[in-house]
């Protein structure tokens, strides 16, 4: 008995230590725990999918490559954004909200930007100089709805997941403030603005899709819209801290001035003017050809 007793104490201590270690491990967020596909932890919020480091890397590489090939795949862009935002970038964006009084209020109240919460019919009745009217006019012109943003799934921290969701739902307000359309040339400019303002890696990758622009679009981006995006995104206030729901009746020019944003040249008007020029050149060439043949 005297020989057995000393052995029981270390064994009991080891079991207790192991139990404490396991309990402490389970208290960590999913992003800080090691696990495999066979012992995946429970989700931290509705729709959450915890990923292993290998899965997250694979998701980032696969979705990043495919979204570069096909920038119209919003689901791939969303997945790439989530896979690359964690752990540093989305936490940094959340911390910037915590340091700002409006940002803290948004995190506390957690509003959602939907057609119901924004009351789209009411926005159409607002004065034309207001943000709300400019926003809904942009939605109508582009055929876009605020209800199409994908739900966040791959951000482990529940509060950071909301920050990513809020960023997505605010995207159309950036378009409306800038007056930029949704086709590729306009989207690249807005993503460049977002990259300078938020620092999210996905927005930076989207800027590289400028390589797929046509020659005239490429030249126009680097001459006009690229410099506008980099300059305004860097100097503007943190757009994630704007409580858009409270600014809907604000004069849109006043809001741009307060946020430090210049409105770029009308991209649709420029493209229309260039199409007219090409049409006149073709007509002139056809007339000259017909004259020389006669």
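Using N, Cα and C of the backbone, Cβ positions are placed for all residues, glycine too.
Annotated Zn(2+) binding site per TrEMBL: 171, 172, 175, 187, in sequence order.
Annotated compositional bias 'Basic and acidic residues' per TrEMBL: 285-294, in sequence order.
Taking Cβ pairs closer than 8 Å, the region 'Disordered' (272-294) reaches residues 216 in its own chain, all 6 or more past its ends. Among the features that TrEMBL reports, region 'Disordered' is placed at 272-294.
Look at the region 'Disordered' (272-294): DSSP puts its residues at 22 helix, 0 strand, 1 coil.
Listed binding-site residues: 172, 187. The one with the lowest count of other Cβ atoms within 10 Å of its Cβ is 187. Taking the centroid of the Cβ atoms of 171, 172, 175, 187 as the Zn(2+) site, the other same-chain residues with Cβ within 8 Å of it are 144, 173, 174, 176, 180, 182, 190.
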